[in-house]
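Asker: The transmembrane segment annotation in TrEMBL covers B:12-33, B:45-67, B:87-112, B:118-141, B:153-174, B:221-245.
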Amino acid sequence: MYSLPGMCSIIHVGKNEKIKTIKEAISQAHELDTVLVHGGYYKEGNIFISKKIVLKGIDLPTLDGENKHQIISVKANGVVVDGFKIVHSGTSSLEDIAGIKLYDVRDAVVQNNVLDDTFFGIYTQRGINCLIQNNVLTSARKQEQASGNGIHCWKSDSMRIINNTIKGHRDGIYFEFVTNSVIWRNVSTSNLRYGLHFMFSNSDSYISNIFRYNGAGVSVMFSHHVKMFNNYFEENWGDGAYGILLKEIADSYIDGNHFIKNTSAIYMEGVSRTIMVKNVFRNNGWALKIQASCMETELHDNVFLGNTFDVGTNGSLVLNNFDGNYWDKYEGYDLNKNGIGDLPYRPVSMYSMIVERNPPAMILFHSFMTSLLDKTEKVLPTLTPENLADTKPLMKLPFRL
Amino acid sequence: MKKIIKYIITDILRNKIILSYTAFLLAISFTIFSLEDNSTKGLLSLLNIVLIIVPLISIIFSTIYIYNSAEFIELLVSQPLQRKKIWLGLFTGLAGSFTIAFLIGAGIPIILFEATAVGFMILAVGILLSIIFVAIAMFAAVKIRDKAKGIGVTILLWLYFSLLFDGIVLFLLFQFSDYPIEKPMIAVSMLNPIDIGRILILLKMDVSALMGYTGAVFKDFFGTTTGMVTSFLILALWMICPLLISLRKFDRKDL
């Protein structure tokens, strides 16, 4: 009863096989074996994996946690969990019960699973170099307390979260103390709180994800060296909902993202040394809410189209650079035909300042009165910060939409 | 009554002012939609026309028309006709011709370029405002005998509804900013037909910005079917009340 490298075996599990339960198969398996689970319905409580094996489902076998158990617990390095339907995990306010939980492991792969009605979906603590890809996670729980996060990573490093679809959880993807990781091509929609929640996680990238209809949008806080490229943030509606909430972010890049129909596309507080280029802001309530605590943020080649307010702010101190963006509300001219408007554009309108101070004033928006106020303010700026201006507004779109 | 309406409509439609009003609306709407590459800005300009120009022209033209037809009205009164029918005929004629003018002037470009919910809402609000301001003009004209004074009053009324009222609202908003005034604000906005129309359009146009907390209060009211129906009912009241009062006055007026 020993196994040599290259002599690993395949153990079949199923109704018509010799071994009927996954637990039995795992207990018989050796390191590097493959446990193949055939389609069917398995109610085995909590399945522990403490050997380096491949657990693979064929025809999407269902593992049911009967609303009591955590379903798969992985406690060995290099485990692969592939192709299961994992349903009805337990719910607890003391423990973080998950559909699949990875404890202190490295090089694990969780892929092609379908998770339905789990408390937490896929949970990693102290994981290193794990790959979570092509999973579909759905939860239909109504309350934040009764709902966990879709993909939850805590104190992990070099994680790859790729092409997952997450719906209806508390936070779609949750990162806390996770470094050097990538979140790529995920779709996170209709989550109760955030589509992506990201704290104390440095040097991570998120690329080409879609965040849509989330209760409070996306929140990125207390991190540095974050890269956000080509993501879509759409229809995050509500007073506390932001396309992205950026709080205490430094040395980051926000590049090529699309913000469409959010109440506030980006809310920035305490953001420093961050470069935002080639983002598209379209039909948002506020494209940017930039607090006076932000500094050395550079915005250029961004496109602002059809937003109710382009920029809102809370003070007169401006330590950021807004030069070289395209604003559809710009009314200046370009006499020397160099593509740059000759007059500066002030994206903060008088009325956005009024609404910032007194939100019910929104009821008067677009009235003759407010248009007059805006026009007089343009001639003689008093309320709006004088330095918040784009001195080189672009006359034409900097790139094709 | 039908004959009166027919006579008045043909008379007004032949009028140079109403023709140039139609042409002006048509020209401006076409320019707006073909010049702007982005339809939101076009709609915004159109919104300003609907909220400012349409009430102004309706109220002033109707007042002048009624004063100028004083002799014609006297002639009609001397015939065996009910006074009510004469007055209602006058109203229907004026309101009908303004609706036709607006439908041609703004309706055609909207249907051609912007057949969306916002476009149709602007169209509906424009028509309603035209009719409401005809009714208000008739109220002012029957109340004040002197022509110059009457026209002055209607201009003041227009100024009040399109500018002063909002100034007062803004003042109230700041005075009571420490209190939850979102709901009272809805009630206050009902006191001005231009505001109701503007908010109805706003809800279709700037829905993202309105989804903030306070916006949500407005949206909860105006965005629901009940709210929509209520707002349109109140717009209808704005039409009917001035008309009924003016009708009573005209009925008893010593011409």
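A Cβ is built for glycine as well, from the same backbone N, Cα and C atoms used for every other residue.
Let's see these features in context: how buried, what's close, how far.
Answerer: Residues 12, 15, 17-18, 21, 25, 28-29, 32, 36, 73, 90, 94, 98, 102, 106, 110, 122, 125-126, 129-134, 136-138, 140-142, 147, 150-151, 154-155, 157-158, 161-162, 194, 197-198, 201, 205 of the same chain lie 6 or more positions beyond the ends of the transmembrane segment (B:45-67) yet place their CB under 8 Å from a CB of it.
Within the same chain, residues 1, 4-5, 7-9, 11-13, 18, 21-26, 29-30, 32-33, 46, 49-50, 54, 58, 61-62, 65-66, 69, 73, 119-120, 122-123, 126-127, 130-131, 134-135, 137-138, 243, 246-247, 250-251 sit at least 6 positions outside the transmembrane segment (B:87-112) and bring their C-beta atoms closer than 8 Å to a C-beta of that stretch.
Through the fold, the transmembrane segment (B:118-141) approaches residues 43, 46-47, 50-51, 54-55, 58-63, 66-67, 87, 90-91, 94-95, 98-99, 101-103, 106-107, 110-111, 150, 153-154, 157-158, 193-194, 197-198, 200-201, 204-205, 232, 235, 238-243, 245-246, 249 of its own chain, all at least 6 residues removed from its boundaries and within a Cβ separation under 8 Å.
Long-range contacts of the transmembrane segment (B:153-174) within its own chain (CB-CB distance under 8 A, at least 6 residues past either end) are made by residues 51-52, 55-56, 59-60, 63, 133, 136-137, 140-141, 144, 181, 185, 188-189, 191-195.
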